[in-house]
Amino acid sequence: QPPAQAGSGGGGGCSCALPRACTSAVLQVDGRFQFLWGIYRAHSRSEDEIVFPALESKKALRNVSHAYTLDHQQEEQLFVDLNDLITQLKQSPNVAAARRLTLDVRRSCAAVRASLETHVRSEESELWPLFSEHFSVEEQQYLVGVIIGRTGAQVLQTLLPWISESFTDDEKEAMMDSIRSVARNTMFDQWLGAVQVQKRASSLGAAGPSAEGSPKEAAQPPECGGSDHAAGSKGAAGRGAAAAGAAAPPPSGSSQCGGGGKGGKGGGDQ
């Protein structure tokens, strides 16, 4: 599951007149939704501003991405509608109203899930193969470097551990190798190495700072973005930077607040 940051969204805290358990569940749903929406925006922005213009620059690929741009506009509206429903749920005057709104949220989650799953499947089968066919390795490396550089270290710091949970050990290693090759000889590369050392130390039950930097130091991402990061390799890094947001699961509801279960699950593991 994505991080459950209660009340982290634009709607603030919960002002509903509900039992404490329900209030907590609503805030958890809101936190997960805001996380997903942020990752989706990073994903769609990377495609609209970097990936799609690159495709359109090839004569053989003119107008190939137009339908996906329209998808982004429609999906953004689905997110806006879901955000409005969650805001109403947070302001529910009573349990009966919360039950009704929970059902509306579940339906809206299902719509978001269906749209994103269709969108991602289409990209995987139609768009990604075009890069192998029409772009050199160097061109692919440049595009992935720009995507990672513009995504920002704070987003990557949250995104990478979460998305890698569904990977095998070999896939995780391939993804990290690709990202580090993109960021070679930059401050981001040094920070990423320190984070990996810290994670290994934590998994072994080590306490205190590691030989290559303290946990506190490793947890501070460098400023990311700009030409420093505009070189590297595609592979798992490109897919993580450009497509991970759309594979994220929508937030889950709570049966304690009515509605009898969870909202729609996304493509990733819960």
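Heads up, the Cβ atoms here are built off N, Cα and C, so glycines get one too.
Per TrEMBL, the features are:
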type	residues	note
DOMAIN	20-130	domain 'Hemerythrin-like'
REGION	203-270	region 'Disordered'
COMPBIAS	230-247	compositional bias 'Low complexity'
COMPBIAS	256-270	compositional bias 'Gly residues'
Model confidence over the domain 'Hemerythrin-like' (20-130), averaged pLDDT: 92
The domain 'Hemerythrin-like' (20-130): DSSP-derived helix, strand, coil residue counts: 101 helix, 0 strand, 10 coil
